[in-house]
């Protein structure tokens, strides 16, 4: 089965571009930085009808190794793809792959995506195309000048980095985008940047997303442009809280007052979040790793206990004989005594 | 902007019970409908930031975060309890008696030093004899460095006596430094709520203990503590005398009566003031009281010195980092004692002591007088300051 196709080389990028032009499938895709090398290479006709036309003539049909090879996969890649497709029992793998190719992803990237996220096999081609179009409408395509060679656009980058985004319905993407724009007051441009840099936000619980934003806005006094620059949404809330509270309790970070003023100069958010833990400890917090690890353990326990207390919220009376002035030793308070209303306000 | 207020930042409405209470206690968390605009804890922290960043420099951020985090406790073993397995049960949870561990390690180190120097100068006194001693038989279990496990509350044994007392492990150090030997009469000038008093009694060397505290309610608390930890027979033996008077008077009334005096003065209780709002000494209404503290502390220490016999030891301790309440008070008291009362007092070096326990606690480097335990996240005890004095005449 392979013998007849052995002489065919995998199609170059230029060929794909020409196929797309010829079949007028996706004019927009062309503008995304795919250099038309084709001006130097002329291959006016194919011996057989273009593989793409073959594919489009047989929508949703059984995926053959032959068609995979025609799409540009190597033999090993094609075998792996075929295996994955049959395992998932997806019925529209052809159209899915077409859509991905149209996006301008090369065969090895596509294989990587399928390995990372095998659920993509089970998608419908039309759904996928709709989602990709929607993301594109949201501005996830950067207009790149043709003079920049092979600059993969933001859409390809996002999908390669985070293939799960293809599994999400358009409605979900819309909800997240609306939250960012309407409740968090990011500009459209900023919202696009967030989706591009941290596509994980699309899968997060909306209230948790909002809470994280509010934590940064009110508790840390950070504004939207800084949040985008620091890729705030890439970090989990617990890690954000940990790094911030560690600095705050060391006296190196202060929540700005009503007028936005602080007594000290707060380190910029990207210096706190975008660096490795070692760099953060050495340059920003100026502390030992042991100290930070103990702090993290303490915070984790505190969060866990707060979570449990919210569950069993009670208005137990605290012990009456709270004559604790100048009480330096002795533990006869219950653990709940720690949970005075001011505990959260530690600076 | 539509900012939904996070529930964690809100206060629950007061329960609204009308009661007649003392002015000092009038605004309590559970009855307050609004927060004070500048909570005393914030004022305290601001005060600390200003003074300690200069005094402690690079060490201050680590101390600050430790003081704002959950404190680490130690379990002072109550040898009066008849429960058989208190220590083994605690050790099974992973903690160890830091006193015996640090001391044996120090003895081993000392004996290796002895063997090195002994053939060099046989004429010199045996170094081991020169090594100062400390109060015996006190056991305090702590979890290892970096371990944040908590202790369970102590359980009563068959006679209702509790097995251990939970306290800041660093609070035991002044009692150890006091070096109570058998037959000694001991005065605890500001005894409440009773942790150090209890530790003194664990030595089983106290012939007679006088525990005093100014506040009546705190003295009651001291009594209750002792009742929970000591068998009735022991309490009835009249070995312990509890009073509720001004400690400064005791200097004159009980002159030269005690071999050992512990002066654990009222101070700004730094850790407590940074965390707990109720009755905080940094409240604006208590500013005068706070500013007069160093004077009060000096007077109490002087009284303690007066009450000591010749050759006796006095240990001065606070739970504050402030130089004004620590070294300055000690130095003032020493000079006043010399000038006004003709009493010569000598500072006893505690560096060996700090070295002995340096594995369990973080000590401040190079104080002019005394030793200071610094809070650190890996060993979140303290702050405790202590200074040992000896009356010479």
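Each residue, glycine too, has its Cβ placed from N, Cα and C.
Automatic prediction, not curation, is the source of TrEMBL annotations.
Annotated features in TrEMBL:
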| type | residues | note |
| --- | --- | --- |
| DOMAIN | B:87-392 | domain 'SAM-dependent MTase RsmB/NOP-type' |
| BINDING | B:190, B:191, B:192, B:193, B:194, B:195, B:196, B:213, B:246, B:264 | S-adenosyl-L-methionine binding site |
| ACT_SITE | B:319 | active site, nucleophile |
Could you measure between residue B:194 (S-adenosyl-L-methionine binding site) and residue B:319 (active site, nucleophile) for me? Cα positions, answer in whole angstrom.
15
In whole Å, how far does the CA atom of residue B:319 (active site, nucleophile) lie from that of residue B:246 (S-adenosyl-L-methionine binding site)?
20
Cβ atoms within 10 Å, counted per site: which of B:190, B:192, B:319 has the most, among these recorded positions?
B:192
Tell me whether residue B:194 (S-adenosyl-L-methionine binding site) sits in a helix, a strand or coil according to DSSP.
coil
Count, for each of the binding-site residues B:194, B:246, the other C-beta atoms lying within 10 angstroms of its own C-beta, and report the residue with the smallest count.
B:246
Local Cβ density at residue B:196 (S-adenosyl-L-methionine binding site) - other Cβ atoms counted within 10 Å:
28
